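Colleague: Right, I'll just put the structure down here and ask away after.
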Amino acid sequence: MERDEVFHCALTGLLIGTILLHLTLAPFTKVEESFNIQATHDIITYGVSASNRTAFLRANYDHSEFPGSVPRTFVGACFLSGIARVLRFVATVKDGEDSQFLVRGILGLINAASLLSFRNAVAKTFGTTTGNWFVLLQASQFHVMYYASRTLPNMYAFALTNLGFGAFVLAMNPPKAQSKLFHSRTIFLTTFAGVIFRSELAVLVFTIATFVLAIHGPKSLTSVFDPPGIIIPPGIGGAVLGLIATVSIDSYFWNQFPIWPEWSSFYYNTILGKSSDWGVSPWHFYFSNALSRLLLNPLSYLLLIPLALAQPATRSRSIALLLPSLGFVAIYSLLPHKEWRFIIYIIPALTAVSAIGASWIWTRRTKSILYRFLNLFLVSSIVASFIASSAFSLISSLNYPGGDAIVRLKGLTYHEPGSQRIYVDNLACQTGVTRFLESRSISSNTGHRKWTFDKTENQTMLLSPTFWDQFDYAIVENVERTIGKWEVVDTINSFAGVQVVKPSDDLGFGKVESGILQYWDAIGMLVRGKFTKGWWVTLRLEPKLRILRRERTGVNIGVGEGVEMSDEIV
């Protein structure tokens with residue numbers, strides 16, 4: 001195998017490995033991922049039933065109990081569960097966190113494959129060196145790589161938009177007939193993804209279609225035969241196939257026909273303006289804040305993209321990638337509620353333009369001292385981005401106290417005979433408690449569920465002593481709101497900021513959720529006295545959840561009374 005092929009394979013492994021590393025560091029989920037991760041679990045575990053569908057869904061499916069403000073599509077969950085079911089059978093993967101890891105790993109690998117497909121399109125159009133720099137720049141970013149395995153609707157759509165942008169890049173190569181074919185594929189895939197997963201992609205379809213119309217002229221707009229239409233026909237095709245997929249699947253799971261979940265979401269959030277209830281941002285947020293965070297490496301937008309635009313040989317094709325992408329961001333900025341994940345689809349395209357600039361610098365590395373310095377600066381920025389991305393991943397891994405609590409509870413109850421009933425509060429549910437982790441509680445000896453969970457949010461019931469009588473354990477944020485005689489058996493800490501440790505301060509948290517953080521503090525204890533004069537930087541943690549165990553012989557008393565805390569918590 002030649003050196004270039006080895007390097008190509010190494011970069012492929014780097015991109016895949018980075019996604020899987022983020023998954024390994026932070027295997028739990030948050031509330032934004034809840035619907036899809038719960039739906040995937042339920043399809044894997046219970047499948048579907050043609051008879052008495054209403055009772056079947058109500059008895060087995062999480063969305064029947066917690067439907068959310070608007071319906072969401074089951075298409076992505078069906079796809080993931082289908083693959084996971086096969087792999088679980090072949091690899092004999094256990095229930096619980098192993099299955100959740102498998103499901104997220106599948107999605108991560110799908111997104112990795114789509115990014116590698118885009119890399120191949122970039123390499124074919126701009127050269128192998130540009131393709132290599134694309135992987136280095138992309139893998140060193142945080143948000144795309146960290147969220148690639150997370151079951152957000154955006155990340156299902158992300159795989160399809162990567163394939164669409166890959167076709168868009170290939171359309172830059174002659175001949176013109178091939179260009180039209182690839183542009184049609186871009187519009188088809190983006191429309192298909194928008195109809196099923198994320199309605200904001202309609203704006204991206206519009207900006208791409210406007211660019212394509214400007215390139216090929218009005219004759220290519222609607223004609224089906226000669227020349228073939230490359231805007232409306234593939235757009236209609238993507239919309240129709242997307243509607244067939246989502247309406248047929250979601251009408252079953254939501255027990256309502258017809259239902260188009262993404263239209264319901266669009267109507268609720270955009271037309272009725274309910275998305276503003278989650279907060280509003282200034283019109284420039286995406287340009288002044290989100291894009292720089294998503295790209296991470298400041299050289300991307302300060303040096304590399306301007307270089308790609310400055311060179312006559314790459315200017316027109318760089319503009320072709322930038323115009324639809326930034327036009328999408330500009331139009332979408334008109335909506336008051338903004339989140340970085342709404343524009344994540346264009347990041348690979350912007351990274352590709354950055355890679356063009358990086359390739360231009362790299363190919364001139366032997367020409368002068370200035371170019372050597374620029375290459376050293378470029379390589380250093382990639383290394384720094386990888387370090388920053390790893391640090392962000394470590395910090396993020398400390399934000400899932402609910403998942404950590406379930407794992408701790410498993411250890412606490414491992415040797416206890418019989419079954420336990422456990423109450424889980426809202427914060428725990430939002431920060432990692434999923435049906436996959438609850439499934440870990442199946443007893444292999446008796447076949448009966450060892451844990452039974454309750455997630456009641458009804459405030460009237462929560463004030464009833466009778467309600468709390470039924471539980472053996474509780475995972476709660478506020479101990480004071482529990483009723484009965486409990487003892488705190490464990491405390492789950494979560495990230496609360498960066499802490500500068502002074503020479504007079506002690507270092508170390510005792511038992512913390514991250515083994516890496518323990519190693520970091522151990523290093524600090526060794527070196528701060530010799531090299532930093534007692535100073536050190538670490539992460540500050542604070543208690544977020546407590547695991548309570550009912551005292552076996554206790555009696556019920558008032559709200560918050562009788563809760564005994566260990567000296568550590570006090």
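Cβ atoms are placed via backbone N, Cα and C, with glycine included.
The model shown is predicted, which means the values in this text are computed figures rather than measured ones.
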Colleague: According to TrEMBL, which listed range is transmembrane segment: 7-25, 292-310?
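Modeller: The listed stretch tagged transmembrane segment in TrEMBL is 7-25.
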Colleague: Tell me if the transmembrane segment (319-336) touches the transmembrane segment (155-172). I count contact as 3 or more CB pairs below 8 A, with pairs 6 or more residues apart.
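Modeller: Counting Cβ pairs under 8 Å, at least 3, so yes.
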Colleague: Under a criterion of three or more Cβ pairs within a distance under 8 Å and sequence separation of at least 6, are the transmembrane segment (192-215) and the transmembrane segment (236-254) in contact?
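Modeller: Output yes: the transmembrane segment (192-215) sits against the transmembrane segment (236-254).
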Colleague: Near the transmembrane segment (236-254), which residues from the same chain, at least 6 beyond its ends, have a CB less than 8 A from one of its CBs?
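Modeller: Contacts of the transmembrane segment (236-254) (Cβ under 8 Å, skipping residues fewer than 6 from its ends): 39, 48, 53, 57, 61, 63, 71, 73-75, 78, 187-196, 260-262.
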Colleague: If we skip the immediate neighbours and take only residues 6+ beyond the ends of the transmembrane segment (70-89), which ones have a Cβ under 8 Å from one of its Cβ atoms?
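Modeller: Apart from its flanks, the transmembrane segment (70-89) reaches 35-36, 39-40, 43-44, 63, 99, 102-103, 106-107, 151, 153, 156, 196-197, 245-246, 249-250, 253-254, 259, 261-262, 264-265, 268-269.
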Colleague: Please check if the transmembrane segment (374-395) comes into contact with the transmembrane segment (7-25), where contact means 3 or more CB pairs closer than 8 Å and the residues in each pair are separated by 6 or more positions.
Modeller: yes
